[in-house]
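J.: The active site, proton acceptor feature in TrEMBL is assigned to D122. According to TrEMBL, the feature active site, proton donor maps to E288. Residues or ranges marked as compositional bias 'Gly residues' in TrEMBL: 75-84. The compositional bias 'Low complexity' annotation in TrEMBL covers 85-110. The domain 'Beta-xylosidase C-terminal Concanavalin A-like' feature in TrEMBL is assigned to 420-602. The region 'Disordered' annotation in TrEMBL covers 75-115.
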Amino acid sequence: MDDYLHRLNSQDAVLRKAEPRRATFRLLAGALLSLAPLACGPDADPENTSGSGTASSTLSVGSAGGTGGIGGAGGTGGIGGAGGESASTTSAGGDPTSTSAGTGGSATPTYTNPVIPGDFADPSVLRVGNDYWATATSSEWGAPFPLLHSTDLVNWERVGSVFSELPSWATGNLWAPEISEDSGRYYVFYTARQRGGPLCVAAASAAAPEGPYEDHGPLTCMDVGSIDGFPIRDENGVRHLVWKEDGNSVGEPTPLWAQELSEDGTELLGTPVALFQNEPSWEANLVEGPYLMRRDGTFYTFYSGAGCCGKSCSYSLGVARATNLLGPWEKNPANPILAGNEVWKCPGHGSIVDDGGGRFFLLYHAYSVEDSVYVGRQGLLDEVVFGADGWPTINGGNGPSVSDDAPITPQAPWPAEIVDEFDGATLDPHWQWPVAAPPPDVSLDPGDGGWLVLPAMPPAPGIHLGAVVGRPTLRGDYEVTTEIAAPPDVQAGLAAYGDGDGAVGISVGGGSAAVFRLANGTSEVMGEVNATGGAQLRMTVANGHLFRFAIRADAAAAWEPLGGIVDAEAGPDLPPWDRGVRAALFASGPSGASARFASFRMTQPAHPR
């Protein structure tokens, strides 16, 4: 950790030259002040409180300008928006989800996993001509279900989201969207929790893969929950939906069901038929995440078993086959055909796409062993090869590949940093918001180099930091800097955000600056100083869970450490069990007030490509 922190500190001079600074702040050494809505916990360490010299304060919070809102694919702005010009977001070495093919001298192009870094669980992919479209679980983040585009399967661009806001019938648990095409129309079958009810599989459709998508609501909501829907036509051309009954949530088996689906994809017909269920083996207490395909007259179901998520995960991927969709089904005696190795842990729940030339590729998720659970389940790619016996193999049974031959073109380099100056017409679609709260009415003010204007939200149970926008982290080691200006009645800042009850961050407002840890909805101040005016904030992270924070007046000033090292490894909410940590900006305060942020910069070590 210390080596990494030393490398980041040595970059300060370079980063200062690249940061247009427009604000100063005043740090006043003195007594520890209260920081509403945060409170000093009984275990707060007074040795972690530091002060600094003084600097003049010249910046006040201005009015919102530019455009705003949170849009979906094809919208005009905000989080998840794909239409119009977005705020400038640059990446030294290339944005990992906005890349172009490289020009390496090798005759055979290569790629290195992950092809979609960051939190991209339960991915689904569809080829439309020479284009590929992918989406994935968004859990408790909006805009629901990220939508990515590629022309080569290894260089992906985030273009929007399936929905611009949470469907009216749902409350969260936005899992496992499956993108597909049938009779010229595009469908996303997805999982969400019904308001006051169980988990359901629902459907949405569009005239084009990029949307806009019309939500058709739930198709099946079994008492213990229905998840992981997948559409397929049987041997007679009859459309069906296959899904998992979520029995493991109540200690029961988890059968995969199939039921006839209406031609328009909006209604289930007849009665469901059980295909197969988990057995006492590597599958443990569940099978889930079915992907079905038909090849040479045989149906194949690729499915995952055991525990998907968290440090104790045990996920792997298996396959079963049948002549008829409704069975009988035969499981591969060599299962699991994809399991973890020394580089990637708990692979599974993906979908298969052909390259138009007869090759098949599985896009799936796994945890990086190096970066652990803090980044989340990342998007990996491996070729699926069918043997003479008809059974498929993946990477020769050696687990996820580190590097392999690219399907079409080389992979662009891993980014050294991601920068958003907030100086465009719309917010970059990588920014997300917690669906537990209403979408924040963000706007961009292009004046003075660009500002993100984030209206404050009063803190409440489950949303203790108020209004939040965040973007996925990409490595366990990273650094984030930003500039902030907020009125005295707003607490605003920078945080590593798990959910509304779990975060670690630095906050400015009310005449003070504080480093805090939020766990299980309870805040503890780890260090605090008096502060007025605007400020620049820095968060440095090692191993995904060791945090250091600093504050300064502007690019000409030295960073002042605050709060010591905060270890969040023991925190139950960072990250939550099914998602990775976000680097987040937040604003807590009365309605009508706003915080302003400039020049968000996230730096991470180069990936070993």
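Cβ atoms here come from the backbone N, Cα and C positions, even for glycine.
As the structure is a computational prediction, the values presented were derived from the model and not from experiment.
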J.: When neighbour density is defined as the number of other C-beta atoms within 10 angstroms of a residue's C-beta, which of the active-site residues D122, E288 has the lowest density?
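T.: Counting other Cβ atoms within 10 Å of each of the active-site residues D122, E288, the minimum falls on E288.
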J.: Which whole-number value in Å describes the distance between the Cα atoms of the residue listed as 'active site, proton acceptor' and E288 (active site, proton donor)?
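T.: With the alpha carbons as reference points, the distance is 11 Å.
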J.: Calculate the per-residue pLDDT averaged over the domain 'Beta-xylosidase C-terminal Concanavalin A-like' (420-602) and state the result as an integer.
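T.: Within the domain 'Beta-xylosidase C-terminal Concanavalin A-like' (420-602), the model's average pLDDT equals 94.
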J.: Going by DSSP, give the three-state secondary structure for D122 (active site, proton acceptor).
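T.: D122 (active site, proton acceptor) sits in coil per DSSP, no helix or strand.
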J.: Give the three-state DSSP assignment (helix, strand or coil) for the residue listed as 'active site, proton donor'.
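T.: Note: the residue listed as 'active site, proton donor' is in a strand by DSSP.
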